[in-house]
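Q: Please read through the structure below; I'll follow up with questions.
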Amino acid sequence: MDTVVLGLKPSFLPPPPKPKPKPSKPPNSNFKIPIKSSIHSDPWSLSDGNISKPKPKSKNPKKPLSDDDARRIIKAKAQYLSLLRKHQGPRAQTPKWIKRTPDQMVQYLQDDRNGRLYGKHVVAAIKTVRSMAGKREEERNIRLVMSGFVGKLSFREMCTVLKEQKGWREARDFFAWMKMQLSYRPSVIVYTIVLRIYGQVGKIKLAEQTFLEMLEAGCEPDEVACGTMLCSYARWGRHKAMFSFYSAVQERGIILSVSVYNFMLSSLQKKSLHGKVIELWRQMVNKGVAPNNFTYTVVISSLVKEGFHEEALKIFNEMNNSGHVPEEVTYSLLITISTKNCNWDEAGRLYEDMRSHGIVPSNFTCASLLTMYYKNGDYSKALSLFTEMQSKKIAVDEVIYGLLIRIYGKLGLYDDAQKTFEEVEQLGMLSDEKTYLAMAQVHLNSGNVEKALSVIEVMKSRDIWSSRFAYIVLLQCYVMKEDLDSAEVTFQVLSKTGLPDAGSCNDMLNLYLRLQLAEKAKDFIIQIIKDQVDFDEELYKTAIKVLCKEGMLRDAEQLTKEMGTNKSFKDCSFFQTFFKIMHGENKECKHFLVFDQPDTMAFGLIFTLYLRHGSFSKMEEILKLLLETAGGLSTLNQLVSSFIREGDVCEADTISAQVTKLGFRLEDEIIASLINLYGKRQKLKQAQEVFATVADSPLCGKSIVNSMIDAYVKCGKSEEAYSLYKELTDRGHNLGAVGISIIVNALTKCGKPREAENVIRKSIHDNMELDTMAYNIFIKAMLEAGRLHFAASIYERMISLSVTPSIQTYNSMISVYGRGRKLDKVAEILNTACSLGVPLDEKAYMNIISYYGKAGKTHEASLLFTKMQEEGIKPGKVSYNIMINVYAMAGLYHEVEGLFRGMQRDGWPPDSFTYLSLVRAYTENLKYSEAEETIDAMQKKGIPPSCAHFHLLLSAYAKAGLMIEAERVYKKLLTTGLSPDLACHQTMLRGYMDYRHVEEGIHFFEQMRESVEPDRFIMSAAVHLYNFAGKKHMAEVLLGSMNNLRIPFLSNLEVGSKIEATDVCQR
């Protein structure tokens, strides 16, 4: 910063006095050794002004204080305060450690009143002068008031009276009286006292007149007097006069104390004159005045506010090195500015330095640090800092809570963010829109648009609604909700507050694209270009994507040309690729393609644009140019791959055909992906055409062949896939594990197990290298075909070849051995998986439990269910249902009830299958009422019972011969709206026949015969009932119907078989 002339020398300050030559002393014959005392008289102490004649001891010495130790404390306090004011300037404060006891304070006041501090006559003079306060000017007569003190006060005592005055008028009048006394001698000290009094009340004119009077009296101003005058100017903001006076002081070579500089610096800073603060600081340093803590604090603050951040840090380091401990406000200021400048390391270093000095950060400092951690994604440190704030009881304000909400949102801790927001509201601190919007954005990130909108609605209802940012967040909500009308209204309101930002425009454009409103998207782009919206990279990409997809070549060229002047796009590879191709010469474009990294996405959109606009020649030209470069074919592979991922099959096919036409070939993986895409879209013909271009090539790889087979399968042409497989294998092609897996899986699904087995056997015979997935598909195919022995042999081959089984392998083999009733093998599979460290999943455990249950091994199933839970696998609804059914089949209804309650505790509501098992458990134990109550309970819970539920109860009643109860349940079944199935009819008819209810049985048969398909048991039972009732004709007619329908007759049925068995048992 250039040096500024601060001001002219004031007229009332005379030029510095010229030094007088010292008279030569005659030589003294009596040579004496000079002895210097270490004790010097204080040049600024109040005295009679004659230093050469020391004051004689008083004839009447002052009485000592009542407590000798009190005088020592008072003197120590005075010395300390003097030193503190000298070094701290206006920030000087009374130290807390100097205190009097209550008794000492009472005695001190008594001594003061009794005149023991200054003398009674001095105290009386002080009170007399003070009594003039409040009188009008014409009523003041200092000579009359002080007439009793003429000749009684020494110069020092008069100075004491002057110093103790509280009003400037009393000081003025007393000073005028003082000058008329014989003991008065002009001294810089007394004038300094008057200057200080005038300066404290802002009587600058009187102070200047007094200073001129001092000069006229021949008193040379010292640094104290000049400093007092400067402090007066600074205190009342007279900066122009202050600098003028300061310039004169500098010319006289007077070195001011640091406290004066502090006064001046502080006054300038309060008026935001930071430039002058810095200039005055530099002059102070040049004069060699050592700054103190307060000086550094003021100067660093001004440097930061003037933008001299590096210099501020430099002075801060100097302050640290000189032994001064910076205040918290200094650390806070530097941390904040380092955070704003993204100087994370410096901010972190400052915070650690502050902690090392034991300084507790303010909430403003913590807010700056939290902002830094939020911006650079260091969320763990942010949460740690918040915990530290709580432990140190640092007040947390709304800004910090808002940052904490944002951090929780970034971490995905949406519940914690909501709790924090509610806590802020409960504390009554929720007043800033930023906090509301932070919570709304957290809800947006979690995908909960409704909650975000509700937060904004609450904010609006509380009249907290003003900024553009609120409308931007509201627009984001409507865009995510896909509420087009509300989004458009919000965007219009946002546009009225100023030019819409690029992010909001991008949100609207993406909304139009999601809703497939191409026309609106085009109009919107034209409008924002017309409004001269400042495009960013993302908005440009979205806009150019719309224009390219719509084939709007002229608009795309115009937009790209206009963006060419935007310096922010200088390093954007996407834009540069577009600009060079659309507006560059061929040589420039070729140079760009060779030496730079062209953007694949840009190429894709350019090809789309030319293709949909119909500029095929331009597209071919770029293709040729690209293929002539070193990495051109690789770029095209990436481009076609991106088209395939996005589902743009037309563009991918066109470029693939053009590349083939130009004598080049895309990578096998790209061609295979294109065939797969056609297969997914059921476009078999196009897939065959792509395959035909490479099928005869010796370079045709496995991936292409497998993709064609997969395309046949996806299009439902499994036979063609099998034919292609046979054709390729006959020609010696090895499809690999993937191709074979696709064929076997397809043949299994279309119900051709024999062909699937042939493929498996051939691959095994040819010793094809297979992976785990292929073996899994083979085992599953043979399991579904019922070829359990072959499935087991495939597993054994897999193990012998050291192919690592997966959890799916073990699941399939459990089913293979379980269906074959080889439960020892099932246990062996379980042990093998555990020994190899393969963690079994819930499905595997429940598969084994199911087979144990079917085999009647309830205890083993129960142990395995417990083991599964011990390994940390929580059973789901299916697992609970399987285990409940195992217990139900064994008739263990107590265990069933326990699991039934347990699954509800775990949050799994019972379903129809659960209630079926519960009914089974009760009927197995002849608990008929409990079984019927279970059916009623499930109806009350809104779960409709099925015929299977009623059949269990019907069967139990029928077996027990309780046909009246069975008939009641049967009627109940009909009232629920169900149609009884065949099993229910068979059960009812068997019950009638077994317990010789002949008439009821015949009646039941005749009622339901029209609604039931012909059944061997029902018709045979009816024939036996007719014969038993003597209705031979009806029996013969029914038997003839059975013969016509070729239904064999059951001759071994017997009417009343259960009654006879009961009689035998009773006998």
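Yeah, the Cβs are placed from backbone N, Cα and C, and that goes for glycine too.
As listed in TrEMBL for this protein:
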- 375-487: domain 'PROP1-like PPR' (DOMAIN)
- 1-70: region 'Disordered' (REGION)
- 187-221: repeat 'PPR' (REPEAT)
- 257-291: repeat 'PPR' (REPEAT)
- 292-326: repeat 'PPR' (REPEAT)
- 327-361: repeat 'PPR' (REPEAT)
- 397-431: repeat 'PPR' (REPEAT)
- 701-735: repeat 'PPR' (REPEAT)
- 771-805: repeat 'PPR' (REPEAT)
- 806-840: repeat 'PPR' (REPEAT)
- 841-875: repeat 'PPR' (REPEAT)
- 876-910: repeat 'PPR' (REPEAT)
- 911-945: repeat 'PPR' (REPEAT)
- 946-980: repeat 'PPR' (REPEAT)
Q: For the repeat 'PPR' (292-326), what are the DSSP-based totals of helix, strand and coil residues?
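A: Grouping H, G, I as helix and E, B as strand yields 26 helix, 0 strand, 9 coil.
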Q: Taking DSSP states H, G and I as helix and E and B as strand, how many residues of the repeat 'PPR' (806-840) are helix, strand and coil?
A: 26 helix, 0 strand, 9 coil
Q: Mean pLDDT for the repeat 'PPR' (327-361), rounded to an integer?
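A: Across the residues of the repeat 'PPR' (327-361) the model's pLDDT averages 83 on the 0 to 100 scale.
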Q: Could you pull out which residues elsewhere in the chain have a CB under 8 Å from any CB of the repeat 'PPR' (327-361), counting only those six or more residues past its ends?
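A: Residues 293, 296-297, 300-301, 304, 309, 312-313, 316, 320, 368-369, 371-372, 375-376, 392, 394.
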Q: What is the three-state DSSP composition of the repeat 'PPR' (257-291), stated as helix, strand and coil residue counts?
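A: Result for the repeat 'PPR' (257-291), in helix, strand, coil order: 26 helix, 0 strand, 9 coil.
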